[in-house]
Amino acid sequence: MTARFLVAAVAAFVHLICIMMLIPAVEATTGVTRSTIINRRGADTTSITSSMEITAFGELEDGAPVTDECTYDGGIISFSHPMSLKSSDKFFSTGNLQLSAIEMMIDEINTSPRCGVTVGGKKHGIHLTTFGDDSSNDKVSAIVKNGMMPLAESTEYVGSYWVGPYSSGLTGSMSPLANATDDPTAAKTVLVAGGAASTPVFAGNPTIFGTFPPSKLYLAQAIEALAKAGAKSATSVFESASFTKGVCAAMPGLADKFNLTLQDEIEVVSSPTSVDLDPVARNLSMAENDPDIVVACVYDQGCAEWVASMRKTGWSPRAQVFTVCIGMDKFQDAVGTDAMYMMGVSPWDPSLDMQDQVVGWSAMEFSELFLATTQRTSTYHAASAAASVGALVQAIERADSFGTEAVSDVLATQEFNTLYGLLSFDANGQSQAPSLHLQYDKGMTVQTVYPIEFRSAELVYPMPTWDARDCNMLSKCLTGEETGVCQEDGTCKCDSENAVSTGVGSSAKCVDIPAEDMTYVDTSLLTVGYILFAVQAFLSVACTAWTVYYRKRRVVKASQPLFLCLVAFGAFLMSLSIIPVGIQGEYRYLVDPITGVPTDEPNTDIDRVDAACMALPWLFSMGFAVTFSALFAKIWRIKLVFQAARTFVRKQVGVKDVVSIMVAVIVLQAIVLIAWNVADPLIWQREVLMEDNNGYPTRSIGTCSSTNGLAFLIP
């Protein structure tokens, strides 16, 4: 394997230089179209392979050094194909994966120890010509007619064959030309397509073969697995393209087969963006539309946009199945850890036990070599493209002929051991290999979860919600001072009984809520106050009783016992104001025990505290008014008596003569208090004085306050 990795590294370096130097069409391919990128690779004097020193290939597996260059005594075979080569092309990302795999196969076949394709006992090198197709059907047709057909008719090559571009639509533009479907007199060419799954591409074209399974079979394993896991409903979202439509067209039949309710089939524009997909995600997020499964039949750009739309909406189904993107570096780079637990379908996985008969690579070896060569993760697209070359080479060697009919017959009737698996073709020319159901695990590794015989991990269904993912990935639930376990709803279940869960998703955490110092009036002070009130109450009652008892004695009678009793009563009312001072409460609104934030629910105890707040000025003010008015009336009565004595007039001054003074003072005070009580009463308010690092109050103080209280106190 060391030698192979060295070869891969050298090939990658030279391939990079070649790509940087790609030029428009040259003389040998004039008439293709302007600005068509053409990349040549193969067993001629200008190829990438032949330009490398033979020592670059190190030693053979058995340790024997490579000493001889390959001699192609039988001539050169032409393999040609369109492929999306520009980064702006729609299918560039996936097409580039396939191109790299094809080039790796061509290099390995052309170099020692294999030294090409053996036919008639002679060695034949392979010359690969790649035409940039701009991801355009019209461009593919022009390339085939003006570039690939001239190569097929050239006497320079002993045999000419085609391999396909990526996508069913582009392959469909070249398949009738390769098969000469519309011109029975034209020569037919064998085409092995590594990137097409749509059945119409192959129907009626017996020289066309595809290493992808039919699009109608792509989803079978995924839907079966999810139905067994408990899914009951599904919705398909597909972009307007041949392959994507074909894959999702199987959903009605699969839903019926596995007893699922197919809620909707939603078509979106080709290459959809979030502008197109956001409304779809919002609609599916509604409770009445929320499906268990969403199958997104879209290409790689659409995958990332759909994930972004789901994330923006804050919704995801219990199972999200993609048809293309799982395992692709571009998809993972675009969505990051949001790809976690996403599902997909694939005809291949590098963990499967399979070995290529042509180059000897196992699936895992190919995956490792591909990563070393391209710095990208191999996907089923790359393996399929490699298998298209491997199967075609095996068919040529088994037929021992370059004839189209002979090679087609071998492809149609035999099986081929490839790194992609045991490959055979149905009557329509499409692969009969079943698809696998894949899923990203929590470590962002792609696992095969179904069928059971190929399973490398258990299916995770339902997928965690966005909040649950964010809780696990971004929150302090698992790493904070107080730890816990993230729940399905994105909250944190705390390990400690003393801690409480707060926040959801990325803000989820467990915190130890501190005890809050409410700064209530100290119990000892309350006790002193109640004792003083009791003393004053006792004295008021005792004095009143004494006054009543001795009311007929001259001294008491001269002191006006009624006013003495009123003074005692007023003093009792003022001392009674000590009682509401001791009535305290918490917050006006109930506080959430988890967040520590006041809710909208009123505290049922607050009315009692508010009443105590307003009782204080009522008791003290009215007590003072009674005491003051009684003393004033008593003194005024004495004044009237002395005024009459100075004039030597005998005059009797009764209570009724001065009671108006008391009434006036008490009524005036009552008016002020009533106005205060109605307009701006004292209410209980609690203010936070200190908080801890998590924002929970550690100290607060409660007071009776009003907006304009001084305006009523000053009078």
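Every residue gets a Cβ built from N, Cα and C, even glycine.
According to TrEMBL, the domain 'G-protein coupled receptors family 3 profile' annotation covers 611-715.
Annotated signal peptide per TrEMBL: 1-28, in sequence order.
Sequence annotations record features per position, and here TrEMBL assigns transmembrane segment to 528-550 (among others).
Per TrEMBL, the feature transmembrane segment maps to 562-583 (among others). Away from its own ends, the transmembrane segment (562-583) comes close to residues 521, 526, 529-530, 532-533, 536-537, 539-541, 543-544, 547-548, 556, 608-609, 611-613, 615-616, 619-620, 622-631, 633-634, 637, 655, 662 of its chain (Cβ-Cβ under 8 Å, at least six residues beyond either end).
Under the heading transmembrane segment, TrEMBL lists 615-636 (among others). Within the same chain, residues 560, 563, 566-567, 569-577, 579-581, 658-659, 661-662, 664-666, 669-670, 672-673, 676-677, 682, 704, 712-713 sit at least 6 positions outside the transmembrane segment (615-636) and bring their C-beta atoms closer than 8 Å to a C-beta of that stretch.
Per TrEMBL, the feature transmembrane segment maps to 657-679 (among others). The list of residues near the transmembrane segment (657-679) in space but at least 6 beyond its ends in sequence, with Cβ under 8 angstroms from a Cβ of it, reads 566, 614, 617-618, 621-622, 624-626, 628-630, 632-634, 636-637, 640, 706, 708-709, 712, 715.
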